[in-house]
Amino acid sequence: MSGLSGPPTRRGPFPLALLLLFLLGPSLVLAISFHLPINSRKCLREEIHKDLLVTGAYEISDQSGGAGGLRSHLKITDSAGHILYSKEDATKGKFAFTTEDYDMFEVCFESKGTGRIPDQLVILDMKHGVEAKNYEEIAKVEKLKPLEVELRRLEDLSESIVNDFAYMEKREEEMRDTNESTNTRVLYFSIFSMFCLIGLATWQVFYLRRFFKAKKLIE
C-alpha cells in the first residue's frame, strides 16, 4: 500500500549557487589579519588566473599615537616586478586591478619608524573573479530582479568553474608532455651511456691485449 505524496517540489538555483560558492569561496577570497612590527616587511602571495578583476580593502591601525615617525607602505607587484598598486603612508583604502596573465601576485606591507613602537595591526580583504564583482551595482544599472541577479551570479560561478577545469586540463597536458619529453631524453641518454660503456670495454680489451703482447705474456 503506497502512501500519499504531494506534488514534487521544484528546486531553484539557490542550492546550486550555494554549493558553487562553497567550492569556489576559499580560492576567490583572501581575508587575513596580522601584526606588522616596526621596520619590518611582510608579503602575501597568491596565484590568480588571467583576465580577472581583483579588488581589495586594507586597514593599518597605528597604535603609536604619531610617535617615532611611523610610516607604512603598501605595494602590489606581479612575478616580473611590475607595480600594480603602490601607496605611501598607507592607513586605510581600497585598490583594484585586472590581471593580464595567469601569474603569482605579491602584496607587501612595510613599516618604517624609530623608537619603541607597538606592532601595527594589518587587516586585508582581497577578492577576485566572481566575488570581486559588485552585483548590487550591476542590478541597478541593468535593472535586474533579485532572481535575475542570482542567476547572473550563478552563471559567472559556472563560467569560473569551467575556466578552472580548462586550466587544470591544460596544466595536465603540459605536465604530460614534459614527462614524455623527459622519458625520451632519459631513453636517449641510457642508449648513449650503453654505447659508451661498450666502447670503453672494447678499448680496454684491445689495450690489455697489446700490453700482454708487449710483455710477451701472450702470443
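The backbone N, Cα and C atoms fix where each Cβ goes, glycine too.
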Item checked: Range annotated as motif 'COPI vesicle coat-binding' - as stated in Swiss-Prot, picked from 31-39, 103-111, 211-219 -> 211-219
Next item on the list: Can you check how the pLDDT averages out over the topological domain 'Lumenal' (32-185)?
Entry: 86
Item checked: Tally of residues which DSSP labels helix, strand or coil - the region 'Interaction with ARF1 and IL1B' (207-219) -> 8 helix, 0 strand, 5 coil
